[in-house]
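Q: Got a structure for you, questions after.
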Amino acid sequence: MAMSFFDQFASTSYLGIPLIAIAIALPWVLYPTSTSRWVNNRLITIQGWFVNQFTSQLMMPLNLGGHKWALLMASLMVFLITINMLGLLPYTFTPTTQLSLNMGFAVPLWLATVIIGMRNQPTVALGHLLPEGTPIPLIPVLIIIETISLFIRPLALGVRLTANLTAGHLLIQLIATAVFVLLPMMPTVAILTAAVLFLLTLLEVAVAMIQAYVFVLLLSLYLQENV
């Protein structure tokens, strides 16, 4: 029995093997591999259609320079969705509830967009720090504020994904605990609570997909400013 509700977010190990490593590697094993045949099976067809639709929607606002990131963005999107969905299964570990992992994704990708902007168009990249038509006395203050907001972006990316998934897992565990406690005392209330738990689980499935999409979408918006 778990001693605390937050024990489910601890990175445990089994036989000396960290479970977070297995949880990160497992999604790639589940993906179907493409074949050289003219006709693919239904799973590969659905997978290809989903990736094509997502990539075209994501790359639409970007110019040709940003299309080089299509493979990276699509792979990250599918990876995050798979990890988030697998984390909703019982007795599983969700790596994306760890802030260290999410920051490991957010910081390098955000920094890459900033470096690309500074290398390709430094004037435009630095121009984002000062809005056009700013009064002269406010220029130093606005530059400081915009610089701080620029460096807060990767923190917001990582914290948003971590907080949403952590809150959902905690809420599911709290309601599930309430169902087990109320079942012998008030069966009717326990059944109603279980119905709420089922609806919350469906909501968490949507949240797992939406948060992965928002993470990649914000990265594409950062990239749009620098290409």
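Think of each number as a place in line: the chain as shown, counted from 1.
Placed from the backbone N, Cα and C atoms, the Cβ positions cover glycine too.
Bear in mind that TrEMBL entries carry predicted annotations, made automatically and left uncurated.
The following feature annotations were taken from TrEMBL:
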TRANSMEM  12-31  transmembrane segment
TRANSMEM  69-89  transmembrane segment
TRANSMEM  101-118  transmembrane segment
TRANSMEM  138-159  transmembrane segment
TRANSMEM  171-199  transmembrane segment
TRANSMEM  205-223  transmembrane segment
Q: Is the transmembrane segment (12-31) in contact with the transmembrane segment (205-223), using three or more Cβ pairs under 8 angstroms as the rule and ignoring pairs under 6 apart in sequence?
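A: The answer is no, given that the two segments have fewer than 3 Cβ pairs within the 8 Å cut-off.
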Q: So what's near the transmembrane segment (138-159) in sequence-distant terms, Cβ-Cβ under 8 Å and 6+ beyond its ends?
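A: 99, 102-103, 105-107, 110-111, 114, 128-131, 215, 218-219, 222.
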Q: Please identify the stretch among 12-31, 101-118, 171-199 with the greatest number of Cβ pairs below 8 Å relative to the transmembrane segment (69-89).
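A: Result: 12-31.
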